[in-house]
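According to TrEMBL, the feature transmembrane segment maps to 12-32, 44-67, 142-159, 171-192, 204-226, 260-280, 301-318, 324-343. Positions annotated as domain 'EamA' by TrEMBL: 59-152.
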Amino acid sequence: MTNNEQKSAFFINSLLVGMILVGTFNTLVYKYQNTTVIDGVTFIHPYMQALCMFVGEATCLVFYFIFQMKSEKDPNKEDGGFKILAIPALFDGITSSLQHVALNFIPSSIYQMLRGGLMIVTAAFSKFVLKKKLSNQQQFGILLAILGIFIVGLSNFLFRKATTDDFSWEIKLISIALIIVSLFTQAAQYIFEEKLFQQYNYHVFYVVGVEGMWGLLYFGIVMPILNFIPCNFKEGCVFRNGQGYWECTDVFFQQLGADVWLTVSVVMGIFSIALFNIFGVNVTKYVSALTRTVVDTIRTILIWGIGLIVTATTSRVWENTSKWANLMELIGFALLVFGNLIYKEMLKIKFLQNKKQVLIEEQ
């Protein structure tokens, strides 16, 4: 009997809903941080934010030992160790770093368009690494979801307000290449985690917590280096005494000390990312890595809606308020929702149905 069969539909759906809601909250927390200005200086600390992410994940290990959590024992599996979890943690750290660097130099709309590629890469890894097959209905659902995400990103690209940045196309193309590479490392993390759950007995809190500890080790090595590497771009750098650097830890804490709500948002970000990863890894364990990537795109809708409200009622600009952009986004979100419903077979399309089990093992 598989893990998926042992868990009720209510449990699985609760994980999916929890992942969407907590993921939405976490993204909004980071939007708040990235649009905060302290004494005329925008809060730009992508690597410290990534470090805080691993702090949140590491706290799960504390709860694991305090409450003496035990993994479900499958007699056909060995107990998993901590060393092998360094691999998905490394993938996670690389993904976060590549995306944080790239997003300093290209519009977020381009990232949204590329984000749909994660489903393609994860589906390919599921087939060739985990030896799984997608049903025709699932393939159609993924294509609809990808098309929806692409339309959402395209709307912001077509109707965005003109900017005065002077980044060259060479820098932008390099940034796009970094994001494309990050899709492979992120998919590799998800697939590797699913493979581990297939082979070993692991508790989710242990997996998330140990990955967090490995991440802290990685960034503990990298962070001092980033604090002394000059950054010569006009934007995207952290400045200390007039000189730009890739990260400035001291400036990070100075800005936190100057704004209580910014500090609160960082703390909320730490705990929300921990909870988001607990939901996400549970989905990988009991459903699949591919379902994790497909369903996670739904939170884009909630982020968009709340972002419009914040933009309309505050001085912070989180979303494009163009009516044509919003119309395109509505169409894109409709396709995204239908794609997810079709993928999860909550909406069945007769001509795509077959009698074989969805996501069966290839012979």
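Just so you know, glycine gets a Cβ as well, placed from its N, Cα and C.
Heads up, TrEMBL stuff is auto-annotated, nobody curated it.
The stretches the transmembrane segment (260-280) and the transmembrane segment (301-318) do not meet in space: the count of Cβ pairs below 8 angstroms, excluding pairs fewer than 6 apart in sequence, stays at fewer than three. For the transmembrane segment (171-192), the list of distant contacts is 87-88, 91-92, 94-95, 98-99, 101-106, 110-111, 114, 117-118, 121-122, 124-126, 129-130, 233, 284, 289, 292-293: same-chain residues at least six beyond its ends, Cβ to Cβ under 8 Å. Of the Cβ pairs linking the transmembrane segment (12-32) with the transmembrane segment (301-318) and spaced 6 or more residues apart, 3 or more are under 8 Å, so the two regions touch.
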